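These features come from TrEMBL:
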DOMAIN    23-299  domain 'Sugar phosphate transporter'
TRANSMEM  12-29  transmembrane segment
TRANSMEM  41-61  transmembrane segment
TRANSMEM  73-96  transmembrane segment
TRANSMEM  102-122  transmembrane segment
TRANSMEM  193-211  transmembrane segment
TRANSMEM  223-243  transmembrane segment
TRANSMEM  255-276  transmembrane segment
TRANSMEM  282-301  transmembrane segment
Amino acid sequence: MATEKKTSPVSDVGAWAMNVVSSVGIIMANKQLMSANGYSFTFATTLTGFHFAVTALVGFVSNSTGYTSAKHVPLWELLWFSIVANMSITGMNLSLMLNSVGFYQISKLSMIPVVCVMEWILHSKRYSKEVKAAVVVVVIGVGVCTVTDVKVNAKGFICACVAVLATSLQQISIGSLQKKYSIGAFELLSKTAPIQALSLLVFGPFIDYYLSGRLISDYMKTISSGAIIFILISCSLAVFCNISQYLCIGRFSAVSFQVLGHMKTVAVLTLGWLLFDSELTFKNIAGMLVAVAGMVIYSWAVEVEKAANKSVPLSKHSLTEEELTLLKDGLEKGPIKDPEFGESK
């Protein structure tokens, strides 16, 4: 009889820390790699394909050495998930290209309420008033410190909608697949990474050519050693980023991942100011403080919700080991008799 694994607070904090550090690190590395002042590697979709290729290689080595065990997940579910995940990546890239940075940030903020609605529709999940209020505070805070000019067009709006819906569905699916097949975060990632890597490396160059008007084959002819080093750094950090994302959603929920994930936005703004001389205004600082306050309130609200759920007595759906032993002994001693009619069943 399978038992539900309980995670310790230390490992939970470690998963969040890995995600925040690796996500912020990969953003900083990619900024140096892709900026005009850096190495002008403007092929974001293909780079994501490199990320999943390295992740797939790590997963293959882990399975081959016996460090992780491969569990069965139907191929059609892996293909469906990979399509949704690739739509998320492509949609985000197109949204950033076609829309202003302000509208791009608004579309990312809209993922929190979209995830809430999707979980309510798909899993009948409900949220307390405290959680809803905390989500609103976080959205307002991050919106204040990130949203500037807001310009949108028809194509950009459609791409943003596809990106938000696909990303929200992907994050919900990560948790549901892990629970459905009792599979670990890294095991699931090692199954989906090869499919995503192959598809992104095949179609990525065409998408990047549409986005930037440049061919990656031309760039590779004159690539510098510095660009190669930063590509390798980006791919290495992507492995930890992907693993930690699956770990966090598997342990918590897609909503929690989105809310606390905005810590990365605050960290990126701060590091951009410290390392790249980015402007940090009073509006940015005020927004970050509100966002952090919202994250603290959200953490408190989730704990309150957990405590309330524990206080409600749960109906019994399974037998304990002691009850199974007693039942087995009863079957060995003789047939069970109906207490009302005294007849053997």
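In case you wondered, yes, glycine gets a Cβ from its N, Cα and C as well.
Automatic, uncurated: that is what TrEMBL annotation is.
Residues of the same chain lying 6 or more positions beyond the ends of the transmembrane segment (41-61) and with a Cβ under 8 Å from any Cβ of it are 30, 33-34, 68, 89-90, 93, 186, 189-191, 193-194, 196-197, 199-201, 203-205, 207-208, 211-212, 214, 216, 219, 227, 230-231, 234-236, 238-239, 242-243. Mean pLDDT of the predicted structure over the domain 'Sugar phosphate transporter' (23-299): 81. If one looks beyond the transmembrane segment (193-211) by at least 6 residues along the same chain, the residues whose Cβ comes under 8 Å of a Cβ in the stretch are 42-46, 48-50, 52-53, 55-56, 59-60, 78-79, 82, 85-86, 89-90, 93-94, 97, 217, 242.
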